[in-house]
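Chemist: So Swiss-Prot has the following annotated:
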CROSSLNK  48  ubiquitin cross-link
CROSSLNK  82  ubiquitin cross-link
CROSSLNK  87  ubiquitin cross-link
CROSSLNK  103  ubiquitin cross-link
CROSSLNK  105  ubiquitin cross-link
CROSSLNK  124  ubiquitin cross-link
CROSSLNK  139  ubiquitin cross-link
DOMAIN    77-152  domain 'Ubiquitin-like 2'
DOMAIN    153-228  domain 'Ubiquitin-like 3'
DOMAIN    229-304  domain 'Ubiquitin-like 4'
MOD_RES   65  phosphoserine
MOD_RES   76  ADP-ribosylglycine
MOD_RES   141  phosphoserine
C-alpha cells in the first residue's frame, strides 16, 4: 500500500509499504529516499510518536494515511528508571516525549505492558498524555517505576448537575491524580475542582487510601468558586503565613494547608479567631472569617489536653 510522510517543510514523500512493516523499516525507506539517518527521524501519527519495534498495523496505519516526520533534536538525553527491585534502566528520550512514549520504551526493554506501569517523579505520578518537559524532567533525572497492582478499582464522581463520572483508579492514587483524570474526561481544570468524600474536602497530596476511599465509593465534585480568598495566620514567633481558602473550607482543611506550608501536624495546631478556639468540623463561614482576616496559631503542647 501507499502511505504519505509529511515533513515540517511541507514536503510530502510517498512510500510503498506493507501493514507488517515496522517503523524501523519505514525509517530505512525514508533514509533511502531523503538521506535522513533513522536515528534523527521521529514519526508521528494521530498525535503519537511511533516506536521502532512496532508495525504499521499496530498503529492502525492504513493505505493513504499521512505520517508526520519531525527531525530529532540532537538534544536527545538519557534518563534513568529505577524499579522496586533496585534495577536501573537507561532510556534515550527527548524532552518532548510523552509519558506514554516512555512507557513504550520500557516495554521494549523490559517487556512490562504500559498499563501495568506507574512512573513517579518528585513524588508525583506521571500522566500518560503529558511530556517529560511538562514535569521538568531533565537529562539524567531518575524516575521510579512501580508496577500497577492488578486490582485497580472503579470509583464514581457525582457533580452538582447530577451527572456521574466513572473513573479507573488505584488506592495509591493521589487526589491530584484523580483531578487530572477528571480533567481528561470533563475538561475541568484541577484548580477549579473540589472533591468531597464523607463530608470532608480532599487535599491534593493525600491518597485515596488515606481517606479510606474504596471500590465503588462516590466522591462529590464541587466547582471552586472563583471567589477564593486570602487569609493570614500569625504564629507566636510573629511569622505571618498567607493561605488561599474559601468560606466553605473547614478548619481541618485550613490546618492541612498550614501543614503543607509549614510542616506542622494538624493535631499540634490550635487556631484562634476573635478569642475563640476553632473546631475542626466547622467552616470559615461558620465563624464569619472573611477575606484578609487574621487567625492566630498556637502550638498544642504534646500531652496537653
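Cβ atoms here come from the backbone N, Cα and C positions, even for glycine.
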Chemist: Identify, in sequence order, the residues in the chain of residue 65 (phosphoserine) that are 6 or more apart from it along the sequence and have a CB within less than 8 Å of its CB; answer 'none' if there are none.
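Modeler: In sequence order, 3, 4, 45 meet the Cβ cut-off.
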Chemist: Summarise the model confidence on the domain 'Ubiquitin-like 4' (229-304) as a single mean pLDDT, whole number.
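Modeler: Average per-residue pLDDT within the domain 'Ubiquitin-like 4' (229-304): 87.
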Chemist: Given the recorded positions 48, 124, 139, 141, which one's Cα is the least distant from that of residue 76 (ADP-ribosylglycine)?
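Modeler: Out of the listed candidates, the nearest Cα belongs to 139.
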Chemist: Counting across all protein chains present, how many other Cβ atoms fall within 10 Å of the Cβ of residue 124 (ubiquitin cross-link)?
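Modeler: Excluding its own Cβ, the number within 10 Å is 14.
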Chemist: At the level of the C-alpha atoms, what whole-angstrom distance separates residue 124 (ubiquitin cross-link) and residue 139 (ubiquitin cross-link)?
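Modeler: Between the alpha carbons of residue 124 (ubiquitin cross-link) and residue 139 (ubiquitin cross-link) there are 18 Å.
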Chemist: Over the span of the domain 'Ubiquitin-like 3' (153-228), count residues by DSSP class, listing helix, strand and coil in order.
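Modeler: Within the domain 'Ubiquitin-like 3' (153-228) the tally stands at 18 helix, 28 strand, 30 coil.
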Chemist: Through the lens of DSSP with three states only, how would you label residue 141 (phosphoserine)?
Modeler: coil
Chemist: Starting from the Cβ of residue 48 (ubiquitin cross-link), draw a 10 Å sphere and report how many other Cβ atoms land inside it.
Modeler: 13
Chemist: If you count, for each of the recorded sites 82, 103, 105, 139, the other Cβ atoms lying within 10 Å of its Cβ, which residue has the minimum?
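Modeler: Per-residue Cβ counts within 10 Å for the recorded sites 82, 103, 105, 139 bottom out at 139.
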